[in-house]
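Pulled from TrEMBL:
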ACT_SITE  H251  active site
ACT_SITE  C300  active site
DOMAIN    1-78  domain 'CARD'
DOMAIN    175-304  domain 'Caspase family p20'
DOMAIN    354-410  domain 'Caspase family p10'
REGION    95-114  region 'Disordered'
REGION    313-346  region 'Disordered'
Amino acid sequence: MQDEHRRAIQNNFASLVEQTDLDHMVSALYEKGVFSEQMIEPYKDLTKDARSRKRLLYRDITRRGPDAFRNLLDALSDAGYWDLVRDLDPNSSLHTRRTKISAPSTSMSNENDYVSISTEKKKTKPRLDVYKNDSTPIAKDTTDLNMVPQYNVIKSNKFFEDGEDIKLYNTRGHKRGIIVVFSYIEFVNNIETYRKGVDVDCQKLKYLFSEMGFRVISYKNLTRDETVTTLESLKKVIVGVECVFIVVSSHGYERKYSSDTDIRCKDGQLITIYEIIDYFNNKNFPALHGIPKVFIFQLCRGSNVEYIDGPIRFVSPDDPNPPAERDGNPTTDTGRFSQDTPRTPLNKRNRLFSDILIAHSTLPGNVSYRDPEEGSWYIQTLCEVFAARAHDCHVDKLFTLVDKHLHERFHIQTSSVDKWGFNKRLYLHPGLYQD
């Protein structure tokens, strides 16, 4: 490997470790001939944590010959890590692609002006399963991880200004934001069904937010302990950004007598929505006080199915005729918040939660649908609406349009939004920066 390529990997080592999925990168580099079957054994050693194995992988690749760097770039590009490709290779054609589509659109847009991703042609490339000896069953999936969504993210041509009563969050700099995606697709011992189509959601989200100027970090199939460790480590990763998006996609379960929802991790253990949000409150993550934080949860929140052409029915896991796959079944538990009497003087207190918007793919008690080929209904709609309207709509309105188009297209699913001290307007200003 050339010295300049080795230095590029070393300079971006932390980003490679934090942002990439180990299973996919090992499989892709094996297929491209960078590593032999014997050489990938250390990366499958489950006695070591995933981060340590990724560090070993990217150290080893710097010693894998003159073609290893090109194959690494190809593998990253195939997986949708376009920001990493740009950082590693200043001559990448992805720089040209971003520049080419960043010119402001001169056409007028409206609420129906969006392009359906589902109309685009996709190709399927078989993927070698190099983890066939893992104790975790690997489901067969024809999802094309190399598919780049072919839809145009319209760029802003002006900055919006503060209103008289409602101010704006600052989103004019080059560190526009970061999106962290947690996706749980397969589960140990098949305790839950394999969530086919979630990889499509991830690809769409990576493409959308990368084109809007966000740094993209993606984690897949973490255990509960790995999820908690990752959430804690984000304090070192999310630095100096103007806004934060957190996306969580898994099977979800209703918590009786609570507005919270349980989320299934890879090892079968549960983490709740409120537990995740807690890591970003003003006490646990003070650096994000005043920074807008948008949480998107793609998961079921119960088992009710919404219809108005007959009584609402309860759907069992064995229902032979569901309209699409669902992301969970109900469970019961109690609430979480305890009440402590404040002891600090009023003028020295500040609220624990602020600048938080929480977007749910469905209502409490209801299912959330997912197409095995096109991805979840909600993420499909969200990506299309954000691509078409983020240049001229604030985030509140964007989620209103998402629900509008979700109803028009799929009819039976209702999304919802909660705001916790989210008292300013958030414009994402895609493609527009102030020096």
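Keep in mind that glycine also has a Cβ here, set from the backbone N, Cα and C atoms.
TrEMBL entries are annotated by machine, without manual review.
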10 Å Cβ neighbour count around H251 (active site)?
-> 22
Using all protein chains in view, find how many other C-beta atoms are within 10 Å of the C-beta of C300 (active site).
-> 27
C300 (active site) to H251 (active site): how many Å between their Cα atoms?
-> 6
The domain 'CARD' (1-78) [mean pLDDT, rounded to integer] = 88
